[in-house]
Each structure stands twice: as C-alpha cells, then as structure tokens.
Amino acid sequence: MADPAAEEQGYQAGELCCECGQFHLLPDNHLYNFQDEVDDELICHICLQPLLQPMDTPCGHTYCFKCLENFMQEYNFCPMDRKKLSFQQCHKSSLLVRNLLDKLVVSCPFKAECQQTMQRCELEAHLQNRCPGFKKYKSELQRKKNPISKGKEDPPVKVETNTPKEPEVPSAGSSLVAESSAAAVVSLGTAEPGLVNPAFEETEEDLPQRASLVAETSTIEIHREDPEEELGMRIVGGKDTPLGNIVVQEVLRDSLIAADGRIAPGDHILEVNGVNISSVTHCQAVSFLRHPGPILHLMVLQEKGFSNKTAQQDSTTATNREVIHVTLVKRDRSEPLGIKLIRKTDEAGIFILDLLEGGLAAKNGKLSRNDRVLSINGQDLRQGTPETAAQIIQTSESRVNFVVLRQPGVQLLDPGEDGSTSNNSSSSSSNGGSPVHHRRRLDQNHYRRKSTYQKDLPQGYVTHEKTVAIKKEPKESLGITIGGGRDNKNKLPIYVTSVQPIGCLFRDGKIKRGDILLSINGIDLTHLNYYEAVSALKSNAASHSVVLKALEILASDSTDPSLDIKERGFSWSPLWITWLGLPSYLHCCQDIVLSKGNLESWGFSIVGGFEESKGNQPFFIKTIVPGTPAFRDRRLKCGDEIVAVNGVPAIGMSNSELIPMLKEQRNKVTLTVVSWPGSLV
C-alpha cells in the first residue's frame, strides 16, 4: 500500500481511517501492510486478505465479518462449499484465532516519517499516540479546515486536608446516585498505617477552597446467567502485601463487570457475599471472588475525587438522579453510534449533547440529551473527556455498555444557541471519525531494571534456579505450553502455563506450571517475545538432547488449595502476588512523566518503604484520585511499584523520605515503575 499522504489528492470518499491509517470507504475492511507472508489458514477466501473480525460458519469456514455480511446480502450459501447458510447461523471465531490475527506484524503506513513495525492490534494506538506521520497529517488537516479554537482549560483544583471522618456506609443502592450528602468523606492523609498521600498539598492558598477527598461505600449486586462465569477484572493487594486492601487494577472489556459498569479501576473491595475481605491474604481474596454462584454481592469503596464544601452542601438535586444502564450493539467496529458528547465548564465529566437522527443511539431510545456519562465498557469517565469516550467507542468491537446519570428536566443548549459554548467546552462525536484533540503522550519506553534499581526479594519469597537435561527422540514433544513474552502489555518473561502428560518434560517431572523459562540449549529466552520464544523452543526440541534452565518462584502464601479446585474456564496465569517474587534482573521498567499546575496535586497515594519492623518493602501505588494528573495520564495503575523518582532509586527509602521528594517537584516528575498484571477473577 502506498504512503497515505501521497494518496490524499486522489481520494474523494472521506478522511484517512484513524484505525489503520489508510484511505478506504467506511463500509470496507481496514487495510494493513503486513510484514511477513500470512498463513493461508488465516486468510479470508472472499477478500483474500488476512481475516478481520473473523466469523465461523457451521460448515467450518472462516471469513471477515464485513466480507461475509456483504456476501450474504446477495446469496444464501457458503462461498467455499456452497452449502445453504444464513448469517444468523455464523458466530465470532474463538479467542485463540482472534489473538493470532491481532499478533500479525504490520508496518506503519506513514513510511516517509515512520518505519516502525508492530502487532496489528497495536497499530491504532501507535497512530494516535506515537506516529509522527499521522500527527503531521492531522495537523495539516486541521490547518486546512481552520478549526474552531480549543476550549479554555479548567481551573486547577485546590486541596486541603479536613478533619478525618469515619467512613459511613449508605443504605443499599448505587453509590453513583448519592454523589454528595450521602458520601463518606475519607481523607487519605489520615493515620492509616503505612499510607501517605501526595494527593494533598497544604498551602495558604488552598484554605479558602475547603476541599477534601471524597469516597463512598456501596453494595453492588452482580447477576450471572452462568454461575461459573468469570467476573472479568484483575485485582491486586491483600494483607500479605503493603497494599493491605484488595484493589481493582483493571476491568476487562466486554466482561461481566464491564457490562454492569459500576466497578472501576481503583475501587477497593471490602466485602464479598457478606464476608469481610479487607484483611485477608491475596490468595484468599481470589478464592472468594472466584467462588461460583448466580448472584454476587460486593461492597466497594469508590474514590469520587476532590469535592469542595459548597458542592457537598448542594444535595437538592441528587435525590432526583437516576443511574441507567444502556447497551448498544454495533454491526461492526466502525459503525457510528450517532452521539455527540460535550464537556461543561461548571461540572466535571462529559454529557450527551445530542443524538443524531437515524443513529444507533436514537433508534435504541434509552439515552437522552444531558445524560452524564459515568462509564463506557467499564472504563470510568466520571472525570473523563469527550475525546477519551470517543476512543473507547471506536475501539469497541460490538457491544458498547453505557452507564449514565440522569437528572430530569434539564436540557443542554445547542452550540448555535449560545455563542460561548464552543469556547468554554470541548465536544466530540462517536461518528467514526477521530477525536478532535488527542492527549499528547510520551513513548512508553520499557527497559531492563538497572543494577542501581535492584532490590532483594521481599520477605517470604525464595527463588530456585534449576537445570533440566533430557535425552529424547527428535520427534518427541517437550509437552509444555507457555505464556508471557516481552511483547506482552506488561513485558512479562516467558513462563510455563501447563505441562502436558504426553511430553518428555512431564516424564522428567522437574518443570512445573508457573516456572520462568530462562534458556534452552544456551539460547537466552528472557528477552524474547512470545513468538520468538515458541520458535526457539520448537527448533531446539528437534535435537536429541535438550538443556533447559528455569526459575521457580516459591512464596509462603502463594499456594492456596482452594484455588486449584476446578479452575472453571479461567485461562491460567500466575497470580499477581507471584510476580512480586521475581528477581529484579527480570523486571522491565517504564518511565512515566507527569505534569501538573502549581496548585494541583499529583493525585496518587503510595504505601510501602522501609520500616524497622518489616525491613525494605517496595513502594506501591494504592490510590489514583479521579480528575488529577495521575488519573488523566492513564498509564499508572494501582499495584504498580515505584522504582525511582527523577532517577533517584526508591530502594531503602522510608515513606517520610520519598513523600517530600514527590512534593518538591512543582510541575513535572518522572516516575520509574514496574507493572505486573493483577490476578484475574
């Protein structure tokens, strides 16, 4: 495919696709520049290109969603074997097939400015956040269109610690309804053991605002048609870690929790089915949350961000508000919903400005003008922007789950009715185009943990390196499956996910599930991505003898018998607590640069550090406050380890030493962090 910039003059049908970076008609499939020859099994036999949104037929063939849909509009048989077929009989291909397709390597279409290659699933994020060619194209396009000026920036938040109050548990019901008077006010500057809070910066200027950090507890009821269906969230923490509480790290897209929409990353889980889990080990919490049942009752503590005193007193309208759940189903990823979103100057969050006639949302009829969008597909947007919402909608495959807050009787003015609207708010639309403005982000540069950043293993962890030498038949399989790889989102090392009872390693018995693979026949596996590791294992397994080096992580509390009783479809991976025992030389670090205004706080709390009774403990992110620089950046997660601040190692520091370092950084700070995936429940 030619450089998109060179084709612009001859293209009249629309703007460049923000997902694949090439020109094509909206109803057509995306176009990609694949680096390698693609296996014929992954090719659609209608368009003869690698499959996009693959659909399986009952007769065993697979086609692109759009190709098959267009074909079935004219014919009623399978294109390959001509057996009678209807589109309703077809279903989405397995996750394995979709993952294989997503991992196909493509090159950036902006060849003149960018020679990057990446997995197909990473191209859209590369274009939006890192590609100089796409950035140049957008700038030129904006200049040609003479865009309306950006809205004014929101005023900086001022904060001050208030006298701490004991958290109150409101009566059953959604915490999102009781946004003001029913809120439990929790100051993270309180004397909670080991917890310090850079979210608070006390200055003389802050006193008149009378702002405090607000959180609420609420009970959320989750219904499962299949009692054994996984919830679809990752958790960190436990009493056996510095975090103490159980904290939601991530909500998986299209999961049960995402569809419900009320739980967001950063929420603290206090109870499960009436059992208090605020002081249990990580493994015990995983066991409670994986327990099967048709109904699950969760009590959670949710951060609401900073709220000034006058806002807390204004509770007259809260009782009239209603939380509404709406699911819109797209026929394909690029289909627009027909929603215009806007941000107000006097209220946090984003609101529905208008529903376009004939669009999916208007046809559905459940969303209304002036609804405040609380979350989309489980991603918290209470302090979000229209641009973020548009991006979530555009990357959703089919189901888009909205949770909105409705206050009857209030309508937004159209931009044409009030000349100040375009200057004081920013708007975005879900009509398939790229968002108006994108937040600038630095490249996510991962690197091996430096020797100056390395630490001893935490208490309770021991690692055991083992060498396995096996004589085998050339065609005999090793009999293991693996996970991880440095192309993984968390840059994990290669680890064993299962040992099959058919291979030579099962017969030997030394390699176990969860072991980290270090090398095979002298070839280092610790820096390889998943496919490179698979290739290395396969090629070396063909020899008569294999020497495999592996690392076993032993933790005193990481094995809980209840976790091995029927895994119920959970794809196995090490628990979050296991990664904490991985030696430092196998860690991958990332530098995250945060910027803030003079009167803002960084917006995260930390736990850990040196204590005489416990020795050196890692520093972890425990809380990320909505509406703050740490929240808006979206790269920091609860459970991330802080390795260094502005290049100064945090190892050996106490809370009282690290916090002043963070507060001294007035407008910019570089955090070096290590991030491990939370345990899936």
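Using the three backbone atoms N, Cα and C, a Cβ is placed for every residue, glycine included.
Not measured: the values here are computed from a predicted model.
Positions annotated as compositional bias 'Basic and acidic residues' by TrEMBL: 150-168. Taken from TrEMBL, the feature compositional bias 'Low complexity' covers 419-434. Under the heading compositional bias 'Basic residues', TrEMBL lists 436-452. According to TrEMBL, the domain 'RING-type' annotation covers 44-82. The domain 'PDZ' annotation in TrEMBL covers 219-304, 325-408, 467-552, 591-677. Annotation comment: TrEMBL describes 142-172, 411-458 as region 'Disordered'.
Against the domain 'PDZ' (467-552), the recorded stretches 44-82, 219-304, 591-677 differ in Cβ pairs under 8 Å, and the greatest number is found for 591-677. DSSP states for the domain 'PDZ' (467-552), grouped as helix (H, G, I), strand (E, B) and coil, give 17 helix, 34 strand, 35 coil.
Counting residue by residue with DSSP, the domain 'PDZ' (219-304) contains 14 helix, 33 strand, 39 coil.
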